[in-house]
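Noted in TrEMBL for the protein shown:
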COILED    73-100  coiled coil
REPEAT    102-135  repeat 'TPR'
REPEAT    207-240  repeat 'TPR'
REPEAT    241-274  repeat 'TPR'
REPEAT    275-308  repeat 'TPR'
REPEAT    492-525  repeat 'TPR'
REPEAT    673-706  repeat 'TPR'
Amino acid sequence: MSQKLLLCLAESLCAQQCHEEASAALEKIGEEHARQPAVLWCFFETALQSGNFDKAEEVLSTLQEIGFESSRMKSAQARLLIQREKIAEAQEILTGLEDKSPEATHLLALTHWKLGQHDEAMPIFLEAARLDPQDYRNFLYLGKHYFHHLKDVQKAVKCFQKAFQLNRASEEAGSLLSDALCDLGQHEQNVKFLEAITSQLPVKRAKWAWLRLGLQQLRLGNATEAVQSLQNSLRADPSDKSCWECLGEAYLMRESLGAALLCFKKCLDADPKDLFSLYETATIKSRQGLYKEAADNFEEALDVNPEYVPAIKGLAEARLALSREHLEQGLCGLGLDDCQQALDAVARALALQGRLVCLWKLAGDICLVPAVYGIDWASLKLPTSLLQGEQDSGQEQLIKASQKCYMTAIRMKPRLASLWHDLGLALWLEARLQKGSFDKALASVRNAVTLKPDCFAYWNSLGVLAVSSGAENYGLAQHCFIKSLELENNNLYAWTNLGALYLQAGNVQLAHQAFAKAQSVEPTAMRPWVGQAFIAEKVQHHDTVDLFRHCMGLGNHGDAARAYASYLCKESGPTVAQKHGRDILVVASDALSRTVDLEGALDPAALNMLGILLERQGLLRSARDAYKKALTLPGQNDDNINCIRVNLARVLCPLGCYEEAIQLCLQTGSRSKDVLCILGFCYGKLGESSEALKVYEEALSKSPPEKKGEVELGMAMVTLKASGAAAAKDFLQNRLSSMPQSREALEALCCLSLLAGDSSACRSSTQKLMTLSKKGTALHERTASLLCCQQFMKGTDARQACRILSSAVHVHPDKGSLWSALTQALLLEKRPSALCCALAGLVLGERSPRHMTMIVLARLMQGKSKEALRAAQKMVYLYPNSHSGWVLLGLAISECRVVADKALQHDRFLLGADTLWKLWSNLVQVHYACVHHRWQKVSELVPLVLWGFAGSPLVSKSLNVLQVISELLMKTSRLEKASLSSIQNTVESEDIATGWQMLSKLQQRTEDYSGAIESLQRAKKYDGMEGKILELELCQAWLALRSAKVDSQQREGMLKAALGYLNTALRTNPRCRAGHMVLGVWALENDNSRLAKKSLERVMRFDDGGSSWIQSATVKLLLLHYLEKKDADALKKLLPQVEEQLDLQSLLSEENREQLISMGVLFNASELKKH
């Protein structure tokens, strides 16, 4: 009974097209039943339908052996031949049958169908259907014949319905029935049919129904339902590319661009050369605003099919959008390049499909881009289809080409309003360029409004043309704008244009209301804000500059940029920065620079203002270039040219071009105070003092009383250069005694007094400056610096200078110059806090070579050699021509023990460097050569450095001792104690602490530890060694310990002496790690394990991230101590603390490792490797 059930199950599964499950059921039938005809026949059906023809043939052979019915065998052989595409052989077998069964009749009809003999197959299919009305296949092929060949869809539907009723598991019958219903337009009936199928069958078996249901829902516009249906279709077969494409289309209809993009990417993963998916991907990215990526994808699609017009059009549109994006950002070069590529693409499309209106309109839009954005100097290469011969075309030719494109499109579709509108825009731009009549433009836009009166954009354009038509038809313009607003109230452009109309007519109140309405529609739109800024400027509102600055942040607008720059140029530089912030000049100059570039640098007024803004930012070379461009432009009156000449001369002065500045001033023919001051300054810099004073005297006679002090200061500077600081001080004192003294004048007098060394005059000036500061709000930054200089000049109270600067910094924490001055004072005092002040100044914008130098020195003073090296590298990168930078880099490199020859010798390539820096460079090279034991180099360099430091006794004495040492070490490779007598004589004669320290080093090399200790003892007695007591005491303690190791006779005395030195050192700094480590070594030498453990553990506890050799040495001593005491707990606590910092495998011997494993601290070799 079970075998029969298995056979029934297999037959049922085979009928439902579940071939794998049917084969599995047949395999379970026992061998004794496997050769039964019914089982073998089921095996044959399953193998044949699943495409396993070899298996099917084998089963047929078995059936033939057991003597199965001959006629049925013939039919089965014919079926197998038909499946193997051997139609003629199958037809021959079927024709030879005498008794034709319904199956044989169907197969005979099928052979005729396969051979394309559809008319012969039809009566045979009808005969088969009459013989077996329950065989759905006959009705299926009859429906196909009616549907595909006779085009009788009604009969085809009936046949497909009959076939599907007979076999509801047939996907082909159901699919064709759905397609036929769709062709008949019976969409609702089709949806009901498909919904019934999807509700009855599992998802995997109803893929065809879900797919067709989704497509039908797409046709009906039900995008959300279509997405769900197509997702179910994909659940049945996730690898079906067609389903992914359909799902992408459904997401596009639903405006889910990201999801649609993912679907088409899935298609491209399956087939990277799929044209449709590449095109849709590019289209989606274009809609997302990713124009660059969209253009790349369109080009990939064109690589697959270079003549695919939709992709060429999409490429042109993407390049056009990219061009507009770049032009709005002020990137003219990129914008015009994209515009040219768009024009080339649309010309390529027109060569393939010249009858498409959209392509001609697109070509016209591209040609108009330079004119719309006001790029008068732009030129594009027009293809032959738009102009006779390919050539560079200016704006006028481009406008004519756009008109030609629009006219061609209009001839194809004369009733299309958008074409008349765009033609009107092109005619308007041409009339504005040629200063001609606007009648044609008005007529064209009127025609667009007539064809489509419900389009608000056309009414808006008609209003713009009415305003600019020359007749200033404000009434018509107002009517058009109001009509546009009636059609679309949230109309940004109409509200903005209406506001501009009211502003032009002088009605400020209505203009403000219109601009405010436009701002409420789109708060980030630039033009309404520009209108509000012009209103504020007209009524002199205090927010004018803020409004213009906000406009600059929203986009580019030439008139707004000019107005903003003009407003700032009217105010003095410091006033602008104080009132509105430090970045206001940057914003204004960037906006005006973009405007100038966009217009081709043809406006001298804009270039002049740009030069002024750049000059106030300190960008003198850029300002000079702007002024020179402005001078070369034609069509200017003499007053403007002279103004630009004076500005250019003023900029050339700080650039050192004094003769050129003089020529420009003389060309003006003016003898105004400003021109005379520039001439006086230039003559003074060129050394022509008499001529400079003569010009300054003339300027003084033409200056108002409040400006005379400035001229007097200029004359004092000339006197300083010609006769020295004392004469300049006397001159300034005499001149200023009869007039009110400004802060600048008192500061100059104080500086001259400092240079002249007149402390009383300096004190008098600073007292007057303090009096002025009390009247004001706070102590001025330069005044504080001068007070500091005065304190240093006294030479007695340097701390007072630091306190003065600290007070000034508290009052003016935003002044980088004060932080820089405080850094210099703290460096002279050797205070570690100098680094914090230097970094604060850096944050506030102090990036001069002098300040960068102080940062490097502050880091070196703190012993942070790596940070100092990085700071020096940055300084050299920023100022490659700075001699001090290369010297500091060499010093920092030598501190890091890296090869520094190139950095230290770089000064050979630098001219005009400061003498002190050159001397210091040589001194650093001496230090570097000593560190690397290059005594020949030392002996060569020391004489070169000695002359420069003749005024510094300490340095010169140290160099003399070093000279003697280098000569000795050059002669011998092995030092003897007796050979040091000459060096000791030199040290005693020079009588300097560094000499005794160098002698101690040499005595250590000869193992004369007692002599080395004595030399260090003598070095401690000199003045200025108080800060090095700790270092010297520790060195003496270490030398005493080494002496105790090598000399057993003096062991006790040396250990006692070492303890005394250590006590002194640790009293000086109780947290000194090196001192505690040496004390631990001393305790180990004295067998005082408790003190050793305590001292070494203090070294670990006082870890400050400093010297790594102290850490490693201490760890090794502690490990040995813990191993000796077999302190497993201490070892387990110690190892995790140091495992990330030190290589334990190199610290431990084999014996130590075995001991640790035996104690259970380390378990095996792999654990040790881990640590």
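Start at 1 and count along the chain as shown; that gives each residue its number.
The backbone N, Cα and C atoms fix where each Cβ goes, glycine too.
Curation plays no part in TrEMBL annotations; they are all automatic predictions.
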Can you work out which residues elsewhere in the same chain, 6+ from the ends of the repeat 'TPR' (673-706), have a Cβ less than 8 Å from its Cβ atoms?
646, 649-650, 653, 656, 658-659, 661-662, 665-666, 712, 714-715, 717-719, 721-722, 739
In the repeat 'TPR' (492-525), how many residues does DSSP assign to helix, to strand and to coil?
28 helix, 0 strand, 6 coil
Who are the chain neighbours of the repeat 'TPR' (492-525) in space, where the CB to CB distance is under 8 Å and they lie at least 6 residues beyond its ends?
456-457, 459-460, 463-464, 467, 474, 477-478, 481-482, 484-485, 531-532, 534-535, 538-539, 554
Whole-number mean of pLDDT values that fall within the repeat 'TPR' (275-308):
92
Can you break down the repeat 'TPR' (241-274) into helix, strand and coil residue counts using DSSP?
27 helix, 0 strand, 7 coil
Counting each residue once, how many in the repeat 'TPR' (102-135) are helix, strand and coil under DSSP?
27 helix, 0 strand, 7 coil
